[in-house]
Amino acid sequence: MASLSSHNTLKDITLNDVSVGYDKCAVVQGASFTLLEGQIGCLLGPSGCGKSTLLRAIAGFEPLMSGEILLDDELISNHQQMISPEHRHIGMVFQDIALFPHLTIGQNIAFGLGEWSKGDAQRRVAYLLDLVGLSGFEQRYPHSLSGGQQQRVALARAIAPQPKLLLMDEPFSGLDAKLREELVPDIREILKHEKMSAILVTHDQMEAFAMADQISVMDAGKIHQTGSSYQIYHRPETRFVASFIGHGDFLPAKVCGADCVHSDLGTIRGKLNHGFADNTEVELLVRPDDILHDNDSEFMGVIVSKWFRGSHFLYRVKLASGKIVYCFVSSHHNHSMGEKIGLSVNLDHLVMFPK
Amino acid sequence: MSDATLSLVKKAKFNWLKAVSISIAAILALPIFVVLVNLFIGDGEVWLHLYRTVLVDYVTNSLLLMLGVGVGVLCIGVPCAWLTSMCQFPGRKFLSWALLLPMAVPAYIIAYTYTGILDFAGPVQSFIRDLTGLSYGEYWFFEVRSLGGAIVMLTLVLYPYVYLMSRAAFLEQSENTLEVSRTLGYSSRAAFFKLALPLARPAIITGLTLALMETLADYGTVQYFSVSTFTTGILRTFYGFGDIAAASQLAGMLLLFVAVLILLERYSRHRIRYHGSGMKKASHRRIELKRGAALLVSVFCLLPILFGFMIPAAVLAYWAMFKAELPGASFLQLAWNSFYLAALAALIAVALALVLSYAVRLNKSRSVSISVSIAGLGYALPGTIIAIGTIVPLAWLDHRIIELVKEYTEGRVGLLFSGTLVALLFAYTVRFMAVSLGAVQNGLGKIKPSMDMAGRSLGLSPYKVLTRIHIPLLKSSVLTAILIVFVDVLKELPATLVLRPFNFNTLAVRAFELASDERLIDAAPASLMIVLVGLAPVILLSRSISSPIEHSK
């Protein structure tokens, strides 16, 4: 097939400035990212941010308003043409699992293997059942399986025809917390073992951190930042990413040099992300783990609330300025409400946004 | 990706499915439209005449009938539902599904049967005369063919609506709710009246309105018992006086009664959703009854089945086998007419239901969903209204065609629509569209949109998604829909009576005619056949009420 693409570097899936929408109202605007072969990507964002719509566009269920999607350097969608879903070789796993209730587990997994020889298909089904830990379930029907088992079958069904890419739309949100904790690492291991490129959609950052090599944070139809979990947590590029990922507070601060700011918690030195001019009023991101309990510190705060979290306490501490910040303290230090504790800041990278 | 082809993005092409579904709705709404128009444009003189002569009678009798049947179905339906769902007594499992059996018996058939048993020449009165030596006029025996008799007959076959709805409501009430009321100091008796009953009230009212709609729609019973109601009035005006305008106006008036019931039903259905706890309770302990009470309860629940099904069915079977004089050939002809008509109507109704259901699934537009609700309106309409609403426009159309043909050619044509099976099939489709729509949509709803997408992403074309996923999954709901419509058509009397082609008889019509000629016993084979066929959907229904909730215990 003739490729309409001008790109020639080897990469698995590329979105260039993709907009998707209904009736001229764009649900996703200008989304771009590239996911390398064998990597697991994630679209992370609050509900209604357009992440599922973008996934459906990649699968071929939504036409594009503009931009293009390339798979293995071949164009699969732009605003004029698209390859229909059944010809894309893209597998998909759904939130509501969507196993076919009239078929056995074995028939479900073999569903996409229509063109394989019977023997090959049988071997593939047996291999996948073993891979997802459900050997012996081949003759059972979906309704007799638990939610977690059904989701494993759905995964096996989706990767059976060896798709070029696997899409997963909130695959764990229908399962309870305990099951999710077991299933997430299992599925990551299976995907890595099969060297399967995959894109996961979720609103749960812990799930994203546990599964993905590369996370794209979305809000209101736009991708704010694409990077590793470390990058989006520690080097958020927009205020939305900074506040959506993890706990965080914004401290008012003033730039006092290339690597230094004044704040309620004193003068802080670190590597600057952005070149703000001196004396610019900014907001400095502080994570609970950036603030240390330090009895020698001159900066004091009053504990206004606390949660016991096993290995540590999460305190909310009111500073002299009235600003309240989160702070992790080892659970050996059991302070009571209203008590004053000393605080210091330990920041490597200063993450700041203009006020 | 050698097999992949880039296809152009399809831009807003003409939406056939949408256009077709809107047309279907428009055509199916025709009878209601005709009746409504007649109600509003009718001239005052007809009104005045109706008012002076018969209207008061019709309204009074219809209201009394509804009142009597309403009280009757509540007194049987609600206690039976509560007892079978909340208490433990011998035979509970059997009784809880057998209480549905009277649904299989059309009201007019139970009316013929009891008349045959209880009238002057019947076995009961003969037995009394033999026993006492009294003769005609010397003893009192109640008159079956009366308003009271009609109320009893209709109650006996219509209580299952109330039973079914309120049983579902009682079963769904979470045990927690009732336990909370106990911890707050209510006795279990008080908890029933203050909590269980009010919680079930919307469901009970829904069941009641369904029973009352059937009461209003009934023609066979009241006609046979000479009780003047709207339905008998409409047909008498139509046949006896040939006065289509007056008949339409009466039909329109009846429509107003029905409209009130529909509104009531919609409102209480809405409340069911509001009241429903949504929680499936994990376990459910029934109240163990003491020996004497348990026996009493068993007998109480057995009585409606005995009188509503067992006695009439047994008597019909006896008559049909040993007494009836009906030549086999003519019976076969009747059965064949009924069956192919019902099958044809069922296929049409279900095919249209499939089109409408897919139109809703594939278009999120408002116009489609409104069309579907309009297409389903007919379920509430009495057969007489639909018959009038069908014959009036079709006869008009036929006469226009005849005139046209006369004008341009020498040839002559007969009545193409109004005098043929077309009219009959059209009326059945209007009346039973909602039934088939319900069953089909229920089935289609179980095929989640993600299953379509899963199929596509596994390499199926849209057509293959239909053949490999939808058809296997829809098969049973489509068969259910066909079965239900089939049976309903078989039982339908007034519309068939009005619209059938000349000399075309069905089982229901023949039973009605024989009964009207006082040949009750000869009507038995046809009646029995209708009851037996009517059992099929009742069995389906009883399986579905006993399986999901009870098996999980």
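Cβ atoms here come from the backbone N, Cα and C positions, even for glycine.
If you check TrEMBL, you get these features:
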{"type": "TRANSMEM", "residues": "B:20-42", "note": "transmembrane segment"}
{"type": "DOMAIN", "residues": "B:59-265", "note": "domain 'ABC transmembrane type-1'"}
{"type": "TRANSMEM", "residues": "B:62-82", "note": "transmembrane segment"}
{"type": "TRANSMEM", "residues": "B:94-114", "note": "transmembrane segment"}
{"type": "TRANSMEM", "residues": "B:147-170", "note": "transmembrane segment"}
{"type": "TRANSMEM", "residues": "B:191-213", "note": "transmembrane segment"}
{"type": "TRANSMEM", "residues": "B:244-264", "note": "transmembrane segment"}
{"type": "TRANSMEM", "residues": "B:293-319", "note": "transmembrane segment"}
{"type": "DOMAIN", "residues": "B:335-541", "note": "domain 'ABC transmembrane type-1'"}
{"type": "TRANSMEM", "residues": "B:339-360", "note": "transmembrane segment"}
{"type": "TRANSMEM", "residues": "B:372-396", "note": "transmembrane segment"}
{"type": "TRANSMEM", "residues": "B:416-444", "note": "transmembrane segment"}
{"type": "TRANSMEM", "residues": "B:465-487", "note": "transmembrane segment"}
{"type": "TRANSMEM", "residues": "B:523-541", "note": "transmembrane segment"}
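Sequence-distant contacts of the transmembrane segment (B:293-319) (same chain, six or more residues past either end, CB-CB distance under 8 Å): 76, 79-80, 83-84, 87-92, 95, 98-99, 101-102, 104-105, 109-110, 113-114, 116-117, 156-157, 159, 520-521, 524, 527-528, 531. With pairs at least 6 apart in sequence, the transmembrane segment (B:372-396) and the transmembrane segment (B:339-360) have 3 or more Cβ pairs within the 8 Å limit; the two touch. Against the transmembrane segment (B:20-42), stretch B:372-396 shows more Cβ pairs under 8 Å than any other of B:94-114, B:191-213, B:372-396, B:523-541. If you look at the transmembrane segment (B:94-114), the same-chain residues 6 or more away from its ends with a CB under 8 A from one of its CBs are 80, 84-85, 144, 149-150, 153-154, 156-160, 163-164, 167, 214, 218-221, 224-225, 298, 301-302, 304-305, 308-309, 311-313, 315-316, 491, 493, 508, 511-512, 515, 520, 523, 527, 530-531, 534-535, 537-538, 541-543, 545-546.
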